[in-house]
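Written below as structure tokens is the structure these notes are about.
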Amino acid sequence: MVVVLLLGRMEGSKLGSICYENIIRTLPVGYAYQKMIFEDGEAVDYLILDMNDKMEEILGLQMDDTVDKRMQEILPAPEEKHRDWVQTYNEVLTNGEMMILERYSHALQRWYKVQIIPHGKDLFSVIFMDITEEKATLSMLDTFFSGSLGLLARLDSSGAILEVNPEWEVVTGYTRNEMLGRKMTDFIRYEDREEACRVFHIAGRGEAVRGHVNCVLTKKREKRLIEWHLFEQDGNIYSTALDITERSIRDTEIQRREAMLKNLTEEIPGGLCQLKINKEGRFTLPYYSDGFLEMFEIKRETLKDRPYLLFEKVHEDDRDKALQSLLRSKEEQSRWFTEVRIRKLAGDVRWIRASSKPVFMEDGSIIWHGYITDITEEKNKELALKESEEKMRGLFSQVPGMIYQFNVHPSGEHELVTTSNGIWDLIKLSPETVYEDISTMFARVHPDDLPNMLALIEESKQSEKMWNQDFRVIHPDRGVRWVRSNASPTKLEAGVMRFYGYTYDITELKEKEEAIDRRDKLISGISAQVPGVIYQLVSQGPGDYRFSTATGSLHKIFGAHLANRDISELELEEFVHEEDLPDLYHSLDISREEKTPFDETFRLVKRSGAVKWLRASADPRKMEGGETMWSGYITDVTDSKLTEFALRESERRYRSLAEQMEVMAYHDPLTGLPNRRLLFDRMEQLVRQTSRTGTKLGVLFLDLDNFKSINDVYGHDTGDKLLVKVAEKLKSAVRKTDTVARMAGDEFLIVFTNIYTEENLKTAASSVMAQFQEEMQIGEHVLKVEASSGAALYPDHGMNIETLLKNADKAMYLKKKKNKNGFALYGENTVNRHSI
């Protein structure tokens, strides 16, 4: 109506003028007829050509005040706000389309809906309608919508969105402006839209709808499950909705876990049970799986009426142990863990392991949710391993001589790292004595042999070649003894050279060798009686060597090589093995040049191809003609050489066996890591070392989470491979000075050296735990492996090794008990203060 009247006025009709005077002037809405001012083609201001009474009230101006005056001159509005109005009006004139907007008058403290109507290139009308009361109503609704935690929406009868609260933006990711005006069904999953339309239609008819569930798609195309409650009022549909996605997921997860528990109880080896003791001490079994009944060979109805039969199945020697462990778990409120034997109906005995965590109920009763598994095979292997270790220790203690490791530092200082107890038999010193002071061992070496021994060790260190030496030692009770020592050097960090060796008594062998020497001398003086050959060899120069004469057992020594020939016709190349000929010529050359005795052992090849060993010795003498003559003796030493070879082979096998025994005694056979024995030896040394260096020692007790589940699901072979993989990762995460050991099962212990503070220890432990952040490829399986660990610092958390390890184990247990997968440092409020 207002627009029609305005058109009539602008057309200059009498009707329009009359209507304007009588109606427009007194309308309750503000009206103004205005003209845009352009300068250089740019809109800069506007003039009011006419306005009604209401507009004069809104602007606080009289029409007479505006004649031929720009608005910027007569209105007190800031320049930037005036510029905004100019730009808005110019936009309407440029587009030639009507615009509606809302503006607030600070002077009147009122809200207005402004309608701008273009009339050509520079003329336009504006109409101001007061919407303050409507705005207040909408503000209340907005406040209600904005403050609600649920999903609130107001729809028109067609299902178009009139208003939504901010919670919709949180759930869907769409802004309020993106949702307003659109159909609510646009945001509902396609498969659910038909039913949603039907439900909205029902609500639009005035019927309340409660609990309708469908799926809404977010801006990221994610699915959210929504529960709708709809009602109609004043022609609009009001909706309160709840996002029940998480609740649905939880319900689904509960069902999944219940199904999983059922599958687990049916498929996993062993059995599950609940063991309950009420406050009066009465014992019952509220729950037990079929596997549990099969393990104990008890019928369900029998066990229900007579639960005490369970303990009667336990081996009579283990019943007290089982009951005591259960009572201890109750008193200490700790995990119940025991390994006992049970008797089967057939009479055979099986080992089982029971593990459970107690739950203390409000009525004073205690319930253990336990898992029982058959560990007979594992126990048999454990017992076999213990028996094997005992045998190895017994064998190791019976090996004659000493197996050892000693270091030579750049400063020349010697340090005995480890030795077998055979050192006592050799020089009557205990390993501990020599660990403390290696000079006690050097004091047992014969003073005439010690300088040469130290010199040869230094030479071996420099050349990194094997050290072999025979020398004398002085035994306090047995006097002077001959020993033979062989050691292989290996370079460590910081220039330290470590020798791995074996020393054994060769006194009897030396005595035999000396007896052989005396016998050879005696035989060489009795040419006709000896089984060898007494000869003379003549040389005119290098490479020219011929027998001049020989006597004795020529045919026995040379055999068919003579074949009725004179000894002088025999060439060395005819009977000396081609591999020994160069060395033989070389020795003869040296003897000829230096006039030194010649003594060489070489092989003689018979015409049949058989080989025997000969030893030739002689003294050279320069003759008047310039030639050199050797007078000497040749003897068959095949037997002694074979004996020597056999002895060397025996020594080689002995060293190999000793090395194997040492590895087996001190290392875990699966992972190759140090075992408990070697670990404790090292820790004792490191504890002594910290007292000298002023540093601290850190230990990390680590236990794999859910390792048994991996064994159960993928098999023990995969479990073993996983342990090997974990061992490799742990070694890669620590320094060479640190020690990684396998304690038992899936338990590992890491010893960190050169630690000064708890922060140092936490940093080192974090590096170790980082190895479990990524999945591990074990054969054809990709496994996510997690671990719980506890750390302790020496001497802060324990003045001895036993206490230190116990406290690290406590920290690990607390971490595993709380949330697993991480490490905790031992101390007050362990998990809260120092856990990751």
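Glycine is treated like the rest: Cβ placed from N, Cα and C.
As given in TrEMBL:
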DOMAIN    155-207  domain 'PAS'
DOMAIN    336-387  domain 'PAC'
DOMAIN    467-518  domain 'PAC'
DOMAIN    598-649  domain 'PAC'
DOMAIN    695-828  domain 'GGDEF'
Helix, strand and coil counts within the domain 'GGDEF' (695-828) (DSSP): 58 helix, 42 strand, 34 coil
Composition by DSSP (helix, strand, coil) of residues within the domain 'PAC' (467-518): 15 helix, 31 strand, 6 coil
Counts of helix, strand and coil residues, the domain 'PAC' (598-649), according to DSSP: 12 helix, 29 strand, 11 coil
Per-state residue totals over the domain 'PAS' (155-207) - DSSP helix, strand, coil: 30 helix, 8 strand, 15 coil
For the domain 'PAC' (336-387), the mean pLDDT of the predicted model: 85
